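What follows is a single structure, written as structure tokens, with notes after it.
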Amino acid sequence: MKKGAPKAVIQRLNKLKQAIEHHRYQYHVLDKQEISEQALDSLKHELVQIEDQYPELITPDSPSQRVGGAPLAAFEKIRHEIPQWSFNDAFDPEEMFAFDERVKRFLAQAGISDPRPTYVCEHKIDGLKIVMTYEKGHLKIAATRGNGVIGENVTENVKTIQSIPLVLSKPVSIVVEGEIWMAKSTLEHLNKKRLKQGLEAFANPRNLAAGSIRQLDPKIVAERHLDSFVYDIAKMGGGGIHSSVRGDFSVEKSSNPRRFSAENRLRTYRGMNASTAFPNTQEAELEILDSLGFKVNKYYKHCGDINEVISYWGEWQEKMSKQDYWADGIVVKVDEKSYQDILGYTGKAPRWGIAFKFPSQEVTTILKDIVFQVGRTGVVTPVAILEPVSIGGSVVSRATLHNEDEIRRVDARIGDTVILKKAGDVIPSVVGVVKEMRADSSKPFDWPRHIPACGGDGRIERIPGQVAWRCINKDSYSQQKRKFYYFISKHCFDIDGLGPKVIDALLDEGLISSYEDIFTLKKGDLLAMPRFAEKSADNLIQAIDKSRTITLPRFLAALSIPHVGAETAYDLARYFQEKAGKGSALEILGRASVLDFESINGVGPVVALSLYEWFKNKDNRKLLVGLLKHTRIIQEKNDENKPLQGKSFVFTGTLPSLSRQSAQALVRQRGGDISNSVSRKTSYVVAGLDGGSKLEKARNLGVKIIDEKDFLSLTNTK
């Protein structure tokens with residue numbers, strides 16, 4: 001410490017830190033206000049003045065450091081010391097009774113006589129999980145959950161959250177887990193401010209919280225006023241933790257002696273050494289977190305049996321909407337830590353806990369209209385236009401009606417008050433009608449036989465054997481545009497600089513009417529169009545020339561054959577390239593029968609018939625001939641040893657260095673298969689940051705989950 005700082009100044013600075021920290025805790029954790037915000041601001045101002053005068057006195061845990069300095073260029077990746085598990089889900093009381101029976105049966109098999117586990121219930125906060133490491137009471141690292149193995153270092157941003165202590169009340173070394181969330185009232189305040197500024201309102205508080213904590217500038221994070229709850233101790237140890245905890249959390253100081261047995265006040269947990277001590281119940285763990293200065297949700301409850309758990313769940317279904325945060329259920333944990341140790345993990349989730357979800361959210365709103373969208377293959381889908389309504393934290397104004405049969409089943413009519421349902425991440429759908437509110441003049445919806453977006457006379461037809469309808473005119477302008485958009489996309493010809501707006505302009509000017517026309521465009525054609533100059537025209541022509549060489553899977557995907565996406569296109573290409581040897585796979589494919597197509601793994605009767613009919617169509621054959629004049633199909637570079645043959649991979653989340661396409665290409669080059677969905681046949685799920693429901697399903701099915709580092713090792717890629 002610099003000798004130039006007078007002792008009196010140092011003492012004043014320390015007092016200011018203590019006072020500011022005290023009032024921060026009172027206000028942000030206990031919701032008590034002992035002094036006005038203006039007075040607290042005055043204390044902070046004085047603190048900053050002293051630190052400005054004596055910068056050598058600034059410490060990382062100073063209240064002034066809650067809002068960090070310069071924006072970060074990127075977030076450091078952090079490998080979690082303790083794997084971050086997710087709980088399995090239950091959706092009704094029957095599943096909870098089954099969970100209780102599993103727990104008791106497992107304990108009995110482990111030698112526990114007449115096991116009677118009790119439970120602790122906590123609110124399942126809809127936020128962003130955070131893992132925080134404290135050394136001797138000081139916050140050192142805060143990381144996002146990420147994929148459960150690797151997260152991101154967001155320490156500087158977490159320091160801006162007032163309910164998270166920078167220094168604990170005791171000098172313990174500890175790793176804790178919690179949730180960062182945004183209050184409903186905060187979201188409302190932010191949106192009012194944004195609307196006044198002419199900006200679009202935020203809709204989803206969880207996404208906003210997650211997006212905020214990953215801002216590169218901590219000052220922006222501070223402006224979002226995020227909050228937190230801490231609910232779990234992942235590890236305790238080092239820095240005198242054992243003596244600190246034993247001295248400060250004894251049975252005499254607990255209001256409920258059951259939480260700390262006289263014989264075993266603290267226990268070794270999760271394989272740590274004997275000097276690493278833990279409370280012996282879940283409830284005691286929450287009390288310790290509270291006493292250390294963390295904000296703990298006060299509505300947790302100890303339940304004597306599963307019936308009490310179900311009662312608590314039912315009670316909070318009704319009361320949760322009154323809270324200033326969103327929660328989609330409760331988390332139920334076996335209270336006894338000794339039982340938790342015995343129960344352990346399945347390899348996918350803890351046996352000692354479960355997430356008991358509330359019923360899927362449903363809201364009512366007005367059905368203003370029913371419109372139709374036409375996909376690139378001509379399939380017509382009805383879409384409900386709704387009075388905007390908030391559901392699951394997001395504002396929606398459109399929802400799917402699926403098909404004609406579903407509209408008739410629900411009997412949805414324009415002007416009706418409809419029931420909108422959202423389950424998980426699925427797009428909201430109309431599932432019912434409040435018929436008591438229906439106008440006397442309402443009439444059943446008349447399914448049209450003409451859709452203007454289909455072009456020509458707009459006629460549509462029902463696809464034989466299916467509930468879907470499609471345009472009779474296969475060349476409608478709407479379809480044509482969507483096909484071109486897909487043709488130039490990254491999954492297909494990947495023409496850089498040729499996007500939807502340019503495609504629209506080229507079609508409007510009559511410069512293109514078929515895929516072949518893209519490859520006959522000249523620089524002069526582009527210069528005659530708005531927004532094209534010499535350089536941009538040259539760049540697009542170069543990009544088109546570069547795209548002329550393409551692999552067979554991408555070529556097939558680009559054709560917009562009904563029911564054939566990127567994965568099916570790859571399966572087709574691999575099958576017919578192996579069959580053709582050094583010959584033309586595309587030529588053999590064009591002569592294939594329905595039975596030939598059905599013999600390919602993953603191709604069913606509907607897809608097989610679609611392929612057969614497409615290649616037999618004279619117009620499509622003409623399209624192929626024209627396209628092949630300007631393009632060259634090349635073989636993908638594959639590893640002759642095919643070390644991944646017979647292995648199936650599913651990707652989820654964002655990988656640190658590889659694009660999704662690059663990673664999938666590595667698998668295919670080595671003989672492996674790619675799937676979009678997780679099943680028991682899946683060999684590996686490759687998880688990046690923010691992995692979604694696929695990660696959860698993989699854990700539930702016991703499928704092996706690996707990160708990018710493991711994946712690169714598996715594929716022998718440096």
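Glycine is treated like the rest: Cβ placed from N, Cα and C.
All TrEMBL annotations are machine predictions without curation.
Quick caveat, the model's predicted, so the values are computed rather than measured.
The candidate list Lys319, Lys322, Lys333 contains one residue that TrEMBL assigns to the NAD(+) site with Ser86, Phe87, Glu122, Arg145, Glu179, Lys357, namely Lys333. In terms of DSSP helix, strand and coil, the domain 'BRCT' (639-718) has 26 helix, 16 strand, 38 coil.
Using a 10 Å radius centred on the Cβ of Cys471 (Zn(2+) binding site) and all shown protein chains, the other Cβ atoms total 25. If you compare Cα positions, Lys357 (NAD(+) binding site) sits closest to Lys124 out of the recorded positions Lys124, Cys454, Cys471. In sequence order, Tyr119, Val120, Glu122, Gln282, Gln340, Trp352, Gly353 are the residues of the chain that are 6 or more apart from Lys333 (NAD(+) binding site) and have a CB within less than 8 Å of its CB. Each residue contributes its Cα atom, and for Ser86 (NAD(+) binding site) and Lys124 (active site, N6-AMP-lysine intermediate) those atoms are 12 Å apart. Under a cutoff of 8 A between CB atoms, and with a sequence separation of 6+ in the same chain, the neighbours of Glu179 (NAD(+) binding site) are Ile125, Gly127, Leu128, Lys129, Ile130, Ser228, Phe229, Tyr231.
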